[in-house]
Amino acid sequence: MFAAIFNIGWAATQVSHMAMVNCITLNSTSRVALTSSRNAFSMVANLGLYAIALVVFGVSEAVTKENTESQYRWIAYSSITVGCCFVVIFLMGTKEPRLRINLRETSRARIPWSYWFRKILYYQVAMVYLLTRLVLNVSQAYLAFFVIDDLQMAQSAKALIPAIIYVCSFVVSVMLQEIPWNGKRLKAYYCAGGIIWIFCGISILLLPRSINSYMYAISVFIGIANAVMLVTSISMQSVLIGSKLGGCAFVCGSLSFLDKMSCGLALYVLQSHQGTSPKVDVNIKEYFYFSVTRYGLGLVPAVCSLVGVVVTYFMELDSTILKPLCQPLLLE
C-alpha cells in the first residue's frame, strides 16, 4: 500500500517538474540546460542520501536487528525531513511567472491527446525515453547484487561504485549545460551515450571475478553514459512539445507511465528467472557464473541502448542551433 502511495506522489511530482521546464522557456538550448541542471541536482540528492547514511552508521552501531532497523528508520526520517524542507522552499520561493511574449492562443490551449498520437515523432521519443529508463532502472536495480554476489567485492563497493556513478553523472550534467543545442546534437550525444553503455554492458558480461577491480573504471563510463542519455532523451520531449505548452503535461505523463510499466515488467521477468542460469566453464581453472544479475546489469541495458541508438538515428529533429537566452522568457 505504501509503495503504491509513494509512486502516485512520485509520478505527480516528476511529471509536473518535467513539464515545468517547457513552460519556463521556449529556447531549445535553455531547455536542455534546465534538464541537465535538474539531473545534476538529482545526483546531488542521491549523494546526499549516502552522506546521511554514512553519518547514521558512524554514530550508531548495528549490534542487533533492532539496532539495524533503528539505523534505517533514522535514515528515512532524515531524508524525508530534508525533502520536506526543500519542498517548502520551492513552494514559497518560486513565484508564478507570466509570459513576457504573446504566444498564440492555440499554444496555451489544452491540446487533445489524439494530436500527439498522430505524430510519428511522439512514438520515436516515447521509445527512446522508455529504453533509456530501462537502461537506468534495470542497471540500478542489479548493480549492488552484481558487485557483491557475482564479483564478490568488498561490502564497501556496493556503496562506492554507485557513488562514483552519481559523481560522474553530476559532472557530465553540469558540462552539458554549456553546449549550444539543436536536434542534430541531441541525436549525436544520445548515440554516443548509447554506444558507451553498449561497451560497458559487454565489459560487465565478460568481467571475471579475478579482475573485479575494473568495475570501478566501468562505473565511471556508466555514470557518463547515464547522464548523457537521460538528459538528451528528456530534451527530445521538449523538441516534440515545442511551443504546444498545453500538451506538455500529457507528453511527460504518458511517457512516464510507459517507463514505469516497462521497468516493472522487465524486472518481473528477470526476477522470475533468478537462480535458474547454469554455470558455464570458461576455462579449466575458473567457473564463471552467468546469473540473471549479470544479464540484468550487462545485457539488458546494452540491448536497450542499441535499440535506442537505432531509433534515434531515424528521428527528424530541428537542426537550428539556438544559444541560451540572455534574459528569461518568463517574467514574475
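One-based numbering along the chain as shown.
Glycine residues also receive a Cβ, built from the backbone N, Cα and C atoms like all the rest.
TrEMBL: automatically predicted annotations, no manual curation.
The annotation transmembrane segment is assigned in TrEMBL to 40-59 (among others).
As annotated by TrEMBL, transmembrane segment applies to 74-94 (among others).
What TrEMBL lists as transmembrane segment is 120-147 (among others).
The annotation transmembrane segment is assigned in TrEMBL to 159-176 (among others).
As annotated by TrEMBL, transmembrane segment applies to 188-208 (among others).
Residues or ranges marked as transmembrane segment by TrEMBL: 214-236 (among others).
TrEMBL lists 295-315 (among others) with the feature transmembrane segment. Nonlocal intrachain contacts for the transmembrane segment (295-315), taken as residues 6+ away from its ends with a CB within less than 8 angstroms of a stretch CB, comprise 121, 124-125, 127-128, 131-132, 134-135, 138-139, 141-143, 146, 183, 187, 190-191, 193-195, 197-198, 200-205, 225, 229, 233, 236, 266, 270, 277.
Taking Cβ pairs closer than 8 Å, the transmembrane segment (159-176) reaches residues 32-33, 36-37, 39-40, 43-44, 46-47, 50, 53, 140, 143-144, 147, 189, 215-216, 219-220, 222-224, 226-228, 231 in its own chain, all 6 or more past its ends. Contact between the transmembrane segment (120-147) and the transmembrane segment (214-236) is present: at least three CB pairs lie under 8 Å, with pairs separated by 6 or more positions in sequence.
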